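Student: In case it helps, Swiss-Prot gives these features for our protein:
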DISULFID  Cys95-Cys187  disulfide bond
CARBOHYD  Asn6  N-linked glycosylation site
TOPO_DOM  1-23  topological domain 'Extracellular'
TOPO_DOM  48-55  topological domain 'Cytoplasmic'
TOPO_DOM  78-98  topological domain 'Extracellular'
TOPO_DOM  119-137  topological domain 'Cytoplasmic'
TOPO_DOM  157-193  topological domain 'Extracellular'
TOPO_DOM  218-233  topological domain 'Cytoplasmic'
TOPO_DOM  257-267  topological domain 'Extracellular'
TOPO_DOM  288-309  topological domain 'Cytoplasmic'
TRANSMEM  24-47  transmembrane segment
TRANSMEM  56-77  transmembrane segment
TRANSMEM  99-118  transmembrane segment
TRANSMEM  138-156  transmembrane segment
TRANSMEM  194-217  transmembrane segment
TRANSMEM  234-256  transmembrane segment
TRANSMEM  268-287  transmembrane segment
Amino acid sequence: MENQNNVTEFILLGLTENLELWKIFSAVFLVMYVATVLENLLIVVTIITSQSLRSPMYFFLTFLSLLDVMFSSVVAPKVIVDTLSKSTTISLKGCLTQLFVEHFFGGVGIILLTVMAYDRYVAICKPLHYTIIMSPRVCCLMVGGAWVGGFMHAMIQLLFMYQIPFCGPNIIDHFICDLFQLLTLACTDTHILGLLVTLNSGMMCVAIFLILIASYTVILCSLKSYSSKGRHKALSTCSSHLTVVVLFFVPCIFLYMRPVVTHPIDKAMAVSDSIITPMLNPLIYTLRNAEVKSAMKKLWMKWEALAGK
């Protein structure tokens, strides 16, 4: 790869060229990142310590919360450190590494949301067989499959980019190593490669998003036979899941289901996908979930009791 590349590092222009405004953005990112870590870790601790949250849904939610922390950690800390150090450069290897990790966690998230939708489908449409179908072994295999699938997706993206020569310019009009930005900087024809990227990322996002929407439609239609209380509980859970699905997939589809061109709004979509959504997910899952809120209250009471001793 070194023989093909004259470029050894890239310059990231960030969200804005206004230094003072960029400092404000970084401060906001810091607050949001800390909130993301604390919120998601609180959910993980609550689920692990609560005996009432032992269903597969909460098992998957634990991994989704951990994933949100890791996904957000790919972007936010570097943006904050770059601002403090006044450094806006990233090496070619660092750029490709960041790209791989972004798509790895993103791919895992997509598959995990699909698994969670299937879990809700079985719980609502086949309640008598739920414990058999969603056994601990099956749940572990599904989570493992999500991580393997995410790794394969990211590896394909990395292999696409690994062979591209970069000979200048080396300026990326973004705050992260964006896939399409890199393709536009390549000193070779990337038309075919752009189509492959769209197929690997864009088509995958659209296909899975449509499958998820269809799944939740089937689930909602099956609620007619439920009691009013059961219907309300199922609707509350499904609406939370569906909100997270929309927040995750809409930016993904916008960013990758299109020709290899860049737009100013790409930065806002990247902020939404990597910083805002991981922060909102815990709030969405807990605000309408009585079981989680009850478990959090019990956990808080335990902490107060320990602190009082």
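Each residue, glycine too, has its Cβ placed from N, Cα and C.
Can you tell me where each of these features sits in the structure?
Tutor: Secondary structure at Cys187 (disulfide bond), as computed by DSSP, is coil.
Sequence-distant neighbours of Asn6 (N-linked glycosylation site) (same chain, 6+ apart, CB under 8 A from its CB) are Phe166, Cys167, Gly168.
Over the topological domain 'Extracellular' (1-23) the predicted model carries a mean pLDDT of 74.
Counting residues 6+ beyond its ends, the topological domain 'Cytoplasmic' (48-55) has Cβ neighbours under 8 Å at 62, 291-292, 294-295, 298-299 in the same chain.
With helix defined as DSSP H, G or I and strand as E or B, the topological domain 'Cytoplasmic' (119-137) counts 16 helix, 0 strand, 3 coil.
Among residues of the same chain six or more beyond the topological domain 'Cytoplasmic' (218-233), those with a C-beta under 8 A of the stretch's C-beta atoms are 120-121, 124-125.
Helix, strand and coil counts from DSSP across the topological domain 'Extracellular' (257-267) read 3 helix, 0 strand, 8 coil.
Cβ atoms under 8 Å from those of the transmembrane segment (138-156) belong to residues 56, 59-60, 63, 100-112, 115, 118, 200-201, 204 of the same chain, restricted to positions at least 6 beyond its ends.
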Student: Residue counts in helix (H, G, I), strand (E, B) and coil for the topological domain 'Cytoplasmic' (48-55), per DSSP?
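Tutor: So the counts come to 2 helix, 0 strand, 6 coil.
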Student: DSSP-wise, what's the residue breakdown of the topological domain 'Extracellular' (78-98) into helix, strand and coil?
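Tutor: Summed over the topological domain 'Extracellular' (78-98), the classes give 15 helix, 3 strand, 3 coil.
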Student: Would you count the other CB atoms within 10 A of the CB of Cys95 (disulfide bond), including those on all shown protein chains?
Tutor: 24
Student: DSSP says what for the topological domain 'Cytoplasmic' (218-233): how many helix, strand, coil residues?
Tutor: 14 helix, 0 strand, 2 coil
